[in-house]
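For reference, the structure is listed below as structure tokens.
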């Protein structure tokens, strides 16, 4: 008798995606982050659902409803901080996943890569609108500053900003629509994730060598299910440690002050995971130029497959490319640090240098070094 998991229409999909899926035998722990992102998404949807049961998207009660969740709802504080720190874990996994893709040449699966970039944009949008919901000082001013950037668009800018605000400033209408968007976007992300997996399973996974591994495949279960469970346990341990010991470590103290349109915080800054892009935005004195640089800092990922000049897919055997890659990581960490600093000397010039280096590394140095390595192969 044939196994039900191989015949039943629904079970067959699950079987082909998570059980009998042929997987390269040599993929490392860097391939764990895909499943961890799935876990983060499920966790965020569940904690978000319970928070939405008690939250009120109204300017007069939003802040106190979050306080009510933390004080009066059973384990409300736990759910709230799991959700807030879960977002941080989500972005850590996301950036590690993208870094893995860059290092091992996974971007050569173009459809999978492009849907991944769309997913990144959707997650960033979700995190941004979600940060506005507690209606603290940083929520309000973050929303005001970032939405205001759209006014840099010629002709339609001002109209567009007022259309997003639903008025002439960030107010009740803005909060309501941001809550709506924050609720719907995770489901769009889930649909995109399914598409991402669909395209990945058309080609099969890449592996650390970048060499086709069709002749050396093993079933996903039990080998990689157990490996993913280990990753999941480490993720949960890290998240629980963060949530139970230092829940506010990654947050901003200003967000414990109710939103006040008449009082601007000394340093307006987004959550840590947007700081690198914020530093690039601030490093250009011109408003439109800054907005374009901000957009390009993320959308540059779409052009990565076109910039591939190496004869080898992975960086595993390319020491010079590895050097450029780790310089890029160091540069991104520098930008993240600068994004959290006030706009004054020496941070301004450091931010400008780090921003120039960011684009230089991706657009010029990576392709050039790859060409040099191609020449070295012939020696």
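Using N, Cα and C of the backbone, Cβ positions are placed for all residues, glycine too.
Checking the ranges 12-32, 33-53 against Swiss-Prot, the transmembrane segment annotation falls on 33-53.
Same-chain residues lying 6 or more positions outside the transmembrane segment (33-53) and placing a CB less than 8 Å from one of its CB atoms are 69, 79-80, 82-83, 86-87, 89-90, 93-94, 96-97, 100, 182-183, 186-187, 189-190, 193, 228, 231-232, 235. In sequence order, 112, 115, 116, 119 are the residues near residue 196 (heme b b566 binding site), counting only same-chain partners six or more apart with C-beta under 8 A. Just so you know, of the binding-site residues 97, 201, the Cβ with the fewest other Cβ atoms around it within 10 Å is the one at 201. Residue 201 (ubiquinone binding site) has 97 as its nearest neighbour among the binding-site residues 83, 97, 182, going by CA to CA distance. Two recorded stretches are said to be in contact when at least 3 C-beta pairs lie under 8 angstroms, sequence spacing 6 or more; the transmembrane segment (288-308) and the transmembrane segment (178-198) fall short of this definition.
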